[in-house]
Amino acid sequence: MNTIQVIIFAVVLVLTVTVGQADEDSPEASLLRKLKEAEASLFGQNLEESRNSRQKRCGGVDAPCDKDRPDCCSYAECLRPSGYGWWHGTYYCYRKRER
């Protein structure tokens with residue numbers, strides 16, 4: 001009796017392994033993979049185009065900046081100070097003037 005159970009278990013195991021490998025290439029699996037790829041691309045695109053996302057790590061007003069590589073916020077520009085800070089020789093972020 002024990003031998004028959006082992007043989008049946010081995011046959012069922014072999015059939016499960018061979019049939020299980022064929023299911024990976026099924027139309028449902030490929031459709032699911034394509035949908036996940038499309039969702040990932042759309043989700044990433046929405047994150048890049050979102051106007052509600054904050055600008056990160058930018059120098060605010062009166063923060064030192066580099067003239068060659070300004071890191072001021074979008075509402076500021078990198079200018080040389082005209083008043084009390086001109087002797088430092090560095091540039092600072094100032095609010096953009098409306099023209």
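Counting starts with 1 at the first residue shown.
Every residue, even glycine, has its Cβ placed from backbone N, Cα and C.
What Swiss-Prot says about this one:
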- C58-C73: disulfide bond (DISULFID)
- C65-C78: disulfide bond (DISULFID)
- C72-C93: disulfide bond (DISULFID)
- 1-22: signal peptide (SIGNAL)
Express the distance between the Cα positions of C93 (disulfide bond) and C78 (disulfide bond) as a whole number of Å. 5
To the nearest Å, how far is the Cα of C72 (disulfide bond) from the Cα of C65 (disulfide bond)? 7
By the count of other Cβ atoms within 10 Å, pick out the sparsest of the disulfide-bonded residues C65, C72, C73, C93. C73
Check each residue in the chain of C78 (disulfide bond) that is at least six apart in sequence and keep those whose C-beta is under 8 Å from its C-beta; list them in sequence order. C65, D66, K67, P70, C72, Y91, Y92, C93
Excluding near sequence neighbours, so keeping only residues 6 or more apart in the same chain, what lies with its CB under 8 A of C58 (disulfide bond)? D71, C72, C73, S74, A76
